[in-house]
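Single-structure report; data block below.
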Amino acid sequence: MELFEQAIVRTPSENFADGITPGFLGRADTALAREQHKAYIRALEQCGLRVTVLAEDNDYPDSCFIEDPAIVTDRVAVIAGFQAPSRKGEEKKVLPLIEKLYGTKIEIIQSPGTVEGGDICQVGTHFFIGLSRRTNDEGARQLSEILKKYGFTSSTISIRDYKSVLHLKTGMSYLGDHTFISIPQIANDPELKAFNRIVTTEEEGYASNCIRINDYVIIPQGFDRTIEQVEKAGFKTIPVPMSEFEKQDGGLSCLSLRIPKLNL
Ligand code: CIR
């Protein structure tokens, strides 16, 4: 499992509630989202990370979901290509910071390819690329070529039939120690057969988006059955409140770019 040293987050903007949302959980409360965001930062720090907090950006209501504009590895950063029209341009806003960290080891997904970071799940030196409403076949092809160039392997998992799942990691996460957590629909994907799998209930599917950082798994608060399953499997959990981000279709992983020790 990758050892992480730092993370980048972005404060939810004033117009956070105007971002893309399926709407069925009601309108998000921006003040509460900011409180929850602070708790999220504290959890990252508890895992030993140095956290860079970028200022809110009112040009992009979804910009706190900073995992989507870039894919960061120890060898290269890939600037994503948004499918969602209201998010196009967010990638340019993170580029200066990515350049500071990665210098020339930066690759860019070119149109008509689209890839959003939430669709990318790393397992050691292998990457699962989610084919979704946001990541198209051409984007996946480009990303796979880039990863190959830097010595990584990749394969795809299609989630296009699962209406409730926005990105691949909306429905599955790698917890390290050869173990995935996922929603029932994804658990039987042939790509995951060789791994241990923790399967959530339908009702607690939101908690399948959680992040293993160093010694801990940060997981959404209030999903008690899932938290118990994860603890039973031997992981230490840090539950954090996520209700306002859930309203915006955002998972816990989307709120940060977690940077491993670089090996450029
Ligand atoms: C969007 O629809 O783009 C945002 N409202 C939520 C993005 C969540 N990102 C993620 O799952 N990686």
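Here, residue 1 is simply the first one shown, and the rest follow in order.
Placed from the backbone N, Cα and C atoms, the Cβ positions cover glycine too.
Sequence-distant contacts (6 or more apart, same chain, Cβ under 8 Å) of His167 (active site, proton donor) comprise Asp68, Glu116, Gly118, Asp119, Gly130, Ser132, Arg134, Thr135, Ile159, Gly251, Cys254. Per TrEMBL, the feature active site, proton donor maps to His167.
In the three-state DSSP classification, Cys254 (active site, nucleophile) falls within a helix. As annotated by TrEMBL, active site, nucleophile applies to Cys254.
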